[in-house]
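Data first, discussion second: the structure below is written as structure tokens.
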Amino acid sequence: MVYTPSKGPRTLYDKVFDAHVVHQDENGSFLLYIDRHLVHEVTSPQAFEGLENAGRKVRRVDCTLATVDHNIPTESRKNFKSLDTFIKQTDSRLQVKTLENNVKQFGVPYFGMSDARQGIVHTIGPEEGFTLPGTTVVCGDSHTSTHGAFGSLAFGIGTSEVEHVLATQTIIQAKSKNMRITVNGKLSPGITSKDLILYIIGLIGTAGGTGCVIEFAGEAIEALSMEARMSMCNMAIEAGARAGMIKPDETTFQYTKGRPLAPKGAEWEKAVAYWKTLKTDEGAKFDHEINIEAVDVIPTITWGTSPQDALPITGSVPDPKNVTDPIKKSGMERALAYMGLEPNTPLKSIKVDKVFIGSCTNGRIEDLRSAAAVVRGQKLASNIKLAMVVPGSGLVKKQAEAEGLDKIFQEAGFEWREAGCSICLGMNPDILDAYERCASTSNRNFEGRQGALSRTHLMSPAMAAAAGIAGHFVDIREFEYKDQDQSSPKVEVTSEDEKELESAAYDHAEPVQPEDAPQDIANDELKDIPVKSDDTPAKPSSSGMKPFLTLEGISAPLDKANVDTDAIIPKQFLKTIKRTGLKKGLFYEWRFRKDDQGKDQETDFVLNVEPWREAEILVVTGDNFGCGSSREHAPWALKDFGIKSIIAPSYGDIFYNNSFKNGLLPIRLDQQIIIDKLIPIANKGGKLCVDLPNQKILDSDGNVLVDHFEIEPFRKHCLVNGLDDIGITLQKEEYISRYEALRREKYSFLEGGSKLLKFDNVPKRKAVTTTFDKVHQDW
């Protein structure tokens, strides 16, 4: 059916969503066009394999950009010769080489390890100008929300959806709710966007934004730089949101102008005119509104194993004795035991073993400048075993080196590394040893996130750097800086040939001049007459899933909240290029312990005990099951084990979506109903019967326990009929072609994409001249 946007006031999210609707089904699902697709080595192998098996191609290589980041070592590449000799871990090397083969086979633009532009996907997109305001951006990575800082609708997707976007350049979506978080006033000196977003997550919890797109607004947000805004939106996913967005403004335009893939000339002017309309209208309705006073935010760190375990640095480790909710109390006790902390311990007294500055949250040039200002003229504390600085991209690294930041870090005792995800998730050689405590600028502090039994505390770059110097957590506002009058080199590009490569990491000399804001551009209704696409349609496929009708099986209880995807399947099991063989990895850290010989020994975890070894239904009492990363390996592992349905109060949005793509049925039920009616049966190893056509849950005797559970009509239709999403979408080829014709005309400034990149003669960095300028620490 033809989609007609609301005529009333709309939010920023509404406007971007409306502008990308290709088709709306009668059951309420939407087919959205995707402007930008970022691809990396971990979540793409199975997607490309699916394309090859179905005889399909990548529909829009110009809208696609690939790189390697998760698996690669961050040690020096000075003597890099080949992947075979450089990447020592066999499974990591296989994923990287598989991506290289896939991008060659399908013609996808790619920044490999010998390309100076290689880096973390969420760093290279913005710095190259591939990310643009008002676009839809997806990647097989949950922190794709980063790009929402540009006023784009950006969200993580699973591998099945990666394949869907590669094949159709579209994605099937339900409309999310609107949430606005307004930060009134100005942040106090010493407070960063990392402190602010940790404060927000601590306030609303990791499920606070579930089902919503969060718009960050207010004076404090508008005062942030683009890189600080990216840190905010990066962690919107940790608040449970589908995406985070900030309206584009002059700060956005100035950052974007002149980037290699940004529009030029008349197309730039056309783009800015449109981008200026992308703001929430007066009177637009939000489903949820939260107001925060900026003055209330002070330096914030995490103490436990969830980003919501955030406290002001002036606080102390919480005491479970003060918690009445049994699930929350149990979770707090587990977190304290895992983190090796005692209740009521002052946070500033906690000692640190290692420091990590980097990641897609805080690996940009401003982050490195902030940390360098702290460590200048200082030395690492004697108890610090290792402190690493890992730039977010090769261009960030070169910029930092041109400013002399690498020397500042190295003189203080920090290691200066190559670009990559590094110790953020430990899929590469950078990991913590068991029980080591890390001051980290990354985004997740889950159990085992940075290595088996690792202990992670999240904080800002300045706070992490200060912890490295002091040897324990400190309040950055009390930290004594040294040598602030010293000069630091600042680069001057000396060759026109270098500008195409380097401009992404350098300040721009020509800021955008303010212009009169045009009238809001209305979204055109799609014409009824199909327009022939310039692209050959992808082939339909007969592939599909087994229909899901009724399921009667043993039910297993899981009395936990915030069960993240790192817990469902740890990072070491992600190094595969197949969708199967992941049964052993399911809840690995809970199901197994190493014996004295280093062999896996089963624990008494429920799925290791009869009769639950044969469980097909998992009954969870706590909220937010499957929160965290976009790894589709989580439902793959559940499916491999034999679990076909999960029942929980709520889910992480990406996990919930990924489950349906693999024929699993995640059911949302009120927590008390689960506890009162289902858990008694699950605790006994009894069977439950899930009747999807009638949306009921029964016991083994046929007694109705739940007379109705909710499920979106389109998802139910696909499960009951075993339908393949890609096949369904390709039946709408005429609508996709029609939208692409509209896009070429109305949004012509998006048409260049990654095809504008230069690969044949990427210029090598020539010697640069430097001038010296005082370091400016922008609080």
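Here the Cβ of each residue, glycine as well, is placed from N, Cα and C on the backbone.
Taken from Swiss-Prot, the feature [4Fe-4S] cluster binding site applies to Cys360, Cys421, Cys424, supported by similarity to another entry. Long-range C-beta contacts of Cys421 ([4Fe-4S] cluster binding site), restricted to its own chain and to partners at least six residues apart, with a cutoff below 8 Å, comprise Asp69, His70, Ile120, Ser359, Cys360, Met427, Asn428.
Look at Swiss-Prot and you will find 501-510 tagged as compositional bias 'Basic and acidic residues'.
The annotation phosphoserine is assigned in Swiss-Prot to Ser488 (among others) on the grounds of a large-scale study or a structure entry.
The phosphothreonine annotation in Swiss-Prot covers Thr494 and rests on a large-scale study or a structure entry.
The feature phosphoserine is assigned by Swiss-Prot to Ser495 (among others), with a large-scale study or a structure entry given as support.
Positions annotated as region 'Disordered' by Swiss-Prot: 484-518.
Taking the centre of the Cβ atoms of Cys360, Cys421, Cys424 as the [4Fe-4S] cluster site, the nearby residues of that chain (Cβ within 8 Å, site residues left out) are Asp69, His70, Ile120, His143, Gly358, Ser359, Thr361, Gly363, Gly420, Ser422, Leu425, Ser442, Asn443. It is Cys360, among the binding-site residues Cys360, Cys424, whose Cβ has the fewest other Cβ atoms within 10 Å in the structure shown. Reduced to three states, the DSSP call for Cys360 ([4Fe-4S] cluster binding site) is helix. Look at Cys424 ([4Fe-4S] cluster binding site): DSSP puts it in a helix.
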